[in-house]
Each structure stands twice: as C-alpha cells, then as structure tokens.
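To keep things clear, I will list the structure first and then write my remarks on it.
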C-alpha cells in the first residue's frame, strides 16, 4: 500500500516524525510537572488538560485558515515552525518560558492536524469506497511514531533529563518539516488564490491565536468553559448546515458526521486519562518490575501505540480489504464497545491486585490493547468520513471540527481526572485503588450505553426518508 500510493506514503512519514514529537509530550508532561517542577497533582492534570484540549480544539481555527485564507500546505508549514520553537524553548529555558513553550506546541500541533488530512483527502476522488482504508493505513504512522517516542521518552528522561527529551522532540519536528517541504509537490496544487490581504489576515489570526492561547494556558478552568461554549455553538452550526443542505443525502451526511463527533468526544474523554491518571497510576499503583528491571512509568503509554500499530494493520488487512464500503457505523459502535472494555479493565485489575495492593503489569497491557483498538476504529474513520459526508469547500473546517471534538473530550477528561486524586498515593494504595476502581467502572458503563444510543441514532438516519 505504501509503495503503490505516493500521497499515503508521504503522509505516513511526515506524520511519523510529527507524532514522535507529540508522543514526547504525551509521555512526560504530567511527570515533568509533578516530579521536576514540583507542581501538585491536580494542577498538573489541569495544565495537561489545557495543553491538549487546545492542541485538539484549535484545529477548528486552522481549518478555517486552510479553507479561506492560506492553503493547507502553508498552514502546515507555519504550524510546524510553532512546534519547533515551542520544543526548543521548553528544552532550553524550562519553567521561565513554560507557558509560552506549551502555547506554541499546542498551536503547532493544531495547525498541522487538519492540514495534513485535508491534503490527503485532496488526492482521492469523491465517494471513494476505500477512503477509510487509506486513512487507517496512513494512521499507522501515528501508532509507529507514538510507539517509538513514548517508549524512548521515559528512558531518556530517567537516564538523561527531561530537557534532552524535549530537544529530541524539536528535532523530530524539524525532520517532519524538511520532509514536507522537499516532497510537497506530491500533493495536488491548491486552487486558492493567495492575495496580500489574505496574508495580512492570516498574520493577524496567528498573532491573536497565540495571545489567546497564552492567556488560556494560565487559566485551565476558563479554557474548559470556553471549549464547552464553543462546542455548543459548533453543534448549532452543523444543525444549521444540515437545514441548508441541498438534498436529503447531504442532510443525513452532515447529521451522521455530527453524531460521529459526539462519539469522538466520548472516546477521548476516556483515552486522555491514559496521559494523566494512568501515568500516575503506573507510577504508584502498578507493579513495574519485569525480570528484575523497573519499567519507567513514563513509557507505560507505549503499549497504547503498540496496540494501535497491531490493530491498524490487522483491521486494514482483515476488514477493509474484504469490504466494498466504508462501514462507518459498525466501526464506531465496536470502537466504543472496546473502549468501554478498556475502562472496565482497571477495576477488574484492582480486584485481582496482589501483594501491597499493586496491580500486575499484565492488566495495563490489556487496558491499552482495547484502548488502541478503539482509537483505530474511531479516529481515522472520523477523518475519512469528512470526505464522504462534507462538501469539499467545508472540509478543512469539518476536519478542524473533528479534532475539536477530540479536544472537547480532553477537556471533559480533565474534569474526570481529579476524581482519582487522593491524599497520598505512596502511603495509601488501598484508598487510591478504590478511587480508580469506582471512577473507571462508571466511565465504562456510561461509554457502553452511549455507544448503543449513537448506533441507534445512526441506524435511524440511515433508514429515515
């Protein structure tokens, strides 16, 4: 597949290195804040929530820039420059430029995400029956990059320093940018006419975005509130788009995409806990001794990406190649079911916890396996569904909306994360385990119920006239 399709191949390698930089932050943000900067657990959770909710919500703005002002190629390049500066500043200056660095990293990732997927969409004809397959194959790069970065980051932080890991994250972004600039001609040329006024408006957008993000990064609670309000406005906008659709098929497509966005919110509400709660769960509540070797807590998240890698290959080969259609509804339903199973794995593991109330390492692998399978069935298919259900002129915005749904899930996850905070994880593992067990059990039940409800809604949309 990668040999036959040049756009998919290029997307794979560009995204590989960009995701490796993101993987560094996924692994180390909470540990860096709590262990190196001595930030409290709840404050670290909220700052991590602000970072990644903005990381995934800002693509909404990036999509508008790519659609209306600059094209996707220019938007991607500017985003990567923000990321490079953010990582270098975090590595070199640390706490004094913490907010500035994290703001740039959030903006950089946000302007990359919708741009690269819009470019990939532009390479395929309308209503391509293998669009889901192509996007899942390209998504393997995220799994590969995340697997490499998260595994190595914990060891680099432990044996060298957090600063070294952040420098390496900057280098990953440089490689990604060089690859894109060198081979961007593989993607179709944009038909947009870029005028001086568009450049001026774009500059204003970037400056205002940085100022607002820098402000919000210091006020995580305000960030979450604004994201909730923006989410409600976004729902209203898509309902308006549906009401203005030219025919019933377009209307159904827009509404189905909106339902998929709700599913994406549910998934990331749970998945983001792996960067916050599960990281500290691994630090204190998990038995990380493997053959006499202590596995770093910061690298436990690697198993999420290993699962994504295995599941993406398996799903691509055994499912998509056998199907003659994209089967979005079924994939989203199964994705939420296996995500619920992942959530249930935590209380089950605690129930069987052994000596000193520490959970056996095997259970964390089970958790990440089902979480990774859930992501493969949900996230790339959401990006692919944009090409099926949304008109080309609005695809950048729709892709930004899809990533915004991820950010909304991250924001909700930040509220959920504080439910497991206890006085001392080191001295009272029993109390800590009880908190984790109750929270994840309730989350699993709600996720399963939500999956069934959304499947029934999609079935109604498919059969209604």
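Note that Cβ sites are derived from N, Cα and C of the backbone, with glycine treated the same way.
Now, the feature entries from TrEMBL:
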type	residues	note
DOMAIN	7-462	domain 'Major facilitator superfamily (MFS) profile'
TRANSMEM	12-33	transmembrane segment
TRANSMEM	75-93	transmembrane segment
TRANSMEM	99-120	transmembrane segment
TRANSMEM	132-160	transmembrane segment
TRANSMEM	166-187	transmembrane segment
TRANSMEM	199-217	transmembrane segment
TRANSMEM	223-242	transmembrane segment
TRANSMEM	254-273	transmembrane segment
TRANSMEM	332-354	transmembrane segment
TRANSMEM	360-378	transmembrane segment
TRANSMEM	399-419	transmembrane segment
TRANSMEM	439-461	transmembrane segment
Given the transmembrane segment (166-187), which of the listed stretches 99-120, 360-378, 439-461 has the most Cβ pairs that are under 8 Å apart from it?
99-120
Can you tell me which parts of the same chain pack against the transmembrane segment (332-354), counting only residues 6+ beyond its ends and a CB-CB cutoff under 8 A?
260, 263, 266-267, 270-271, 281, 285, 287, 360, 363-364, 366-371, 373-378, 381, 433-434, 436-438, 440-441, 443-445, 447-448, 450-452, 454-455, 458
Is it true that the transmembrane segment (360-378) and the transmembrane segment (399-419) have 3 or more Cβ pairs under 8 Å, skipping pairs fewer than 6 apart in sequence?
no
Considering pairs 6 or more residues apart, do the transmembrane segment (223-242) and the transmembrane segment (439-461) have at least three CB pairs under 8 Å?
no
At a threshold of under 8 Å on Cβ distances, which of 132-160, 254-273, 439-461 pairs most often with the transmembrane segment (399-419)?
254-273
Which sequence positions outside the transmembrane segment (254-273), separated from its termini by at least 6 residues, show Cβ-Cβ distances below 8 Å to it?
49, 52, 56, 231, 235, 238-239, 241-242, 245, 328, 332, 335-336, 339, 342-343, 371, 374-375, 378-379, 381-382, 385-386, 389-390, 398, 401-402, 405-410, 412-414, 416-417, 440, 443, 447, 450-451, 454, 457-458, 461
